[in-house]
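Remarks on the structure that follows.
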Amino acid sequence: MRTSNGQPDVPNVHEAAAENNGKPKAYSALYALQLRAFIDAAEDVDVDPDTIEDLLEGLEDGEEEIQESDFDEGLDSESLVLPAHEKHSAIEGSGYLDNLEVETEVIERLKREADGAWSKEETRKMMHHLKEHGMSSFVREYVITQNIPIVKLLFAFGISLCPELRNKQPQTMLYFLRVAMSKELQLREKLPQHNTLADAVSLIQASKRVVVLTGAGISVSCGIPDFRSHNGLYATLKERGTYDLDDPQQMFDIHYFRENPAVFYSFASQIYPSNFIPSPCHRFIKAIEDRGKLLRNYTQNIDTLETLTGITRVLQCHGSFATATCIQCRRRIPGTEIEKDIMEHRVPFCTVCLVAKKEAEEVRQAAFRKKAKKRGRKEWEEGSDEEEEAIPVGVMKPDITFFGEKLADDFEHALEDDRDKIDLLIVIGTSLKVSPVSEILSHLPHSVPQILINKTPVRHINPDVRLQTSLRISMALTTCSQRLDCPSW
């Protein structure tokens, strides 16, 4: 049975409670399990604070206790999303639901609606589209073009939402879908013919259109800290407690910057690319470009070391210190013009806005004096100390992308252009935690070989070749460079 808008007719948990003499059923425990699963997923899928707030909206004291107690049990979040098909069989063969005494009739209805939503062929077609065309294309096709409710789309991924989660805000529903897509894309089948360091070298030699995705890890040896490792930038900020931050990521939050730019500028000199020298990894990418093999280098770094190395086919996904823009009048200047302010921990102001402020103040003072002259000198003297409305002055902000800011359109256009040309992906020095750059892998066809070169594990992707120790990374760069006839370093 379905409602008028095509959504499955599922009993409301509060109505079910009313039918049970007003006592909430144990079904709310299922809500807690699903809620925990989606919150746990934020480790791998980027989520904004508003979505987390919406996720927790409506929890009453009793429900919060259930949620917290479940969080302490160490349950596997993979089994908490209430799957509908065999691939994720958490309903059948799991003791969790029995232990939680979830109402059998409700579970059966959830299973029936999920089983009847899509045929096996429809599900196969949808999964193929996702894996070959990526998340953005999937959302455009099924959410926007076909206007299929996200609740129904989730059935194809084996997820049947409990009633409490079905009426969340649109961005939260989209987060549910992104979690489902991310988990499905983790199931990328590794290409069995590529496994070893030698295979990686052969792939690089044979490929003609290589995409290299880089993160902060490639600049650590240059003296620039990474962000998310146990001794990275965020951990250091939190440990020192020097800055009045609720969360270390506030340092790069656009809303916080607008309210208090002095905090960022008291710190910015530590990451400003002043006297850093490119690493062997930068020169390795340059060697790929020199051989005509580099399709594009997508870098999340803001240190401009790719440009210093001479790499031309580079897209700085998160911007850089190369330029700065006034947050008020949008005037853009070379980054070198605010370098002195950055190094001396001063907030740089827009010179154009300063001039405009001075001129406006002069006009205002002249008008005030003229008006006061007519009323008499005494009144002018008394009124001259009145507090005037402040004229805002624009702060110059480096053109790096803060949390809360949209990436430049160049990123989306380049990715769209590259996805049909790429024949090899190399990922180096990134945790792949920040979207939308982290979604590059999901955007690319699964048939394209992938090489991961990273010191720390990245568990939510399934590349064909993993090079994860310092020794193997060093061997990889050395061997590849020798095969590419790179100069020694």
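Every residue, even glycine, has its Cβ placed from backbone N, Cα and C.
Bear in mind that TrEMBL entries carry predicted annotations, made automatically and left uncurated.
Taken from TrEMBL, the feature region 'Disordered' applies to 1-21. As annotated by TrEMBL, domain 'Deacetylase sirtuin-type' applies to 190-489. Residues or ranges marked as active site, proton acceptor in TrEMBL: HIS318. Residues or ranges marked as Zn(2+) binding site by TrEMBL: CYS326, CYS329, CYS350, CYS353.
The CA atom of CYS329 (Zn(2+) binding site) is located 21 Å away from the CA atom of the residue listed as 'active site, proton acceptor'.
Listed binding-site residues: CYS326, CYS329, CYS350, CYS353; maximum Cβ neighbour count within 10 Å falls on CYS350. If you average pLDDT over the domain 'Deacetylase sirtuin-type' (190-489) in this model, you get 83.
For HIS318 (active site, proton acceptor), applying a Cβ distance below 8 Å and a minimum sequence separation of six or more within one chain yields GLN300, ASN301, ILE302, ILE400, THR401, LEU407, VAL437. For the Zn(2+) site, the Cβ centre of CYS326, CYS329, CYS350, CYS353 serves as reference, and the other residues of the chain with Cβ at most 8 Å from it are ILE327, GLN328, ARG330, ARG331, PHE349, THR351, VAL352, LEU354, ALA356, VAL393, GLY394, MET396.
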